[in-house]
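What follows is one structure encoded as structure tokens, with my remarks underneath.
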Amino acid sequence: MRKIIHIDMDAFYASVEQRDDPALRGKPVAVARDASRCVVTTASYEARRYGVRSALSVATAKRLCPRLIFVPPRFDVYKRVSAQIREIFRRYTDLVEPLSLDEAYLDVTHSPSGKTATQIAREIRAAIRSELGLTASAGVSFNKFLAKVASDLRKPDGLSRILPKDAPAFIDALPVESFFGVGPATAKKMHALGIASGRDLRARSREELMRHFGKTGAWFFEIVRGNDSRPVESSRERVSLGIEDTFPRDAVGVSSCAEELRILARRLEERLSRANFSGYTLTLKIKFADFVQMTRARTRDRVWTDAEDIFRGAEKLLEEHLPPGRPVRLLGITISHAAPVAREEGAARVCGGNGQLYFDGF
Ligand code: TTP
Ligand code: MG
């Protein structure tokens, strides 16, 4: 039986801002640039009472909570805090799999400390509080799926544990939306089939689930029985991260496309930062009105992280390759080739998906 911990920081960006500026404490705070085209990255729990959440437009957020205080994101600070959190995790195990800046799985089955998983989770939460002045929620269980569900149960600032003996009843009561792999479309399909809870899901045969959901059906069959053998992978490296958008109306010409590129570049910067990812290659994707698609890429010896820089790189590709007068329906930008993340060992080696090594003169 494995011992897995899932840790997720509470209102991460907003909590960091409230920690660093006492004037923001106890107030409804949204981390976002205060511009109509921007979206909220996250909201403090005070703001959530008004319905303000991640991904809401700034305009909607203001309508829901007129007193809302907007704070522009400081990604470099969040990254630093994220590294400090991981430092705390590594006191207990090297088997740490970060999912984003504020979230990670830990496998403490063989933790040398001899402590129980719950004890370790408690100590990690206490260390995050006393050393970093922030709160985290933790879930403890025997697989990733249940550990993650557990960390959400007593959020914010909570710790929950799902023991093997309690798992079946617990899973039975879960709404299907909570199952890993069930997005809005699958949830809708399940409801149409009369499957609303774990109990409903468990009542169906593997064959039936596979008939409706293909291979994923087999996964649902297992997971609803508490079988999730996905390992905690400490070395998982992302190889690319991209973003794309279809225009409401087709765009013609470099300047109207460039406007969209600027927005994409800004959103991509945020995503890169959240994933703590960067890379050496920028790929521009252009889909024309007739659905024919082309990609053009540029690789250089510095990584792409900054929105303005990404925008200029993409715009240059656009200028070089966009056929004049041809209507464009979609543009996308992808950054690829995992960059060496700053590690204390000073390792500059990173494997891309194809196993190649990339060096950046470190
Ligand atoms: P989450 O862990 O999803 O959210 P959170 O930490 O703000 O709040 P909680 O866990 O207490 O529910 O995401 C972590 C950070 O990632 C979040 O602080 C901001 C960023 N983020 C975005 O930028 N955009 C998004 O759409 C989401 C969901 C998160
Ligand atoms: Mg969080």
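Each Cβ is built from the backbone N, Cα and C atoms, and glycine gets one as well.
Look at TrEMBL and you will find Glu103 tagged as active site. The feature Mg(2+) binding site is assigned by TrEMBL to Asp8, Asp102. Summarising the annotation, TrEMBL assigns domain 'UmuC' to 4-183. For Tyr13, the entry in TrEMBL reads site 'Substrate discrimination'.
Annotation: Asp102 carries the greatest number of neighbouring Cβ atoms among the recorded positions Asp8, Asp102, Glu103 [cut-off 10 Å, Cβ to Cβ]. For the recorded site, Tyr13 (site 'Substrate discrimination'), the DSSP three-state label reads helix. Taken residue by residue with DSSP, Asp102 (Mg(2+) binding site) is part of neither helix nor strand, so it is coil. The two recorded residues, Tyr13 (site 'Substrate discrimination') and Glu103 (active site), have Cα atoms 12 Å apart. With respect to their backbone Cα atoms, Asp8 (Mg(2+) binding site) and Glu103 (active site) stand 4 Å from each other.
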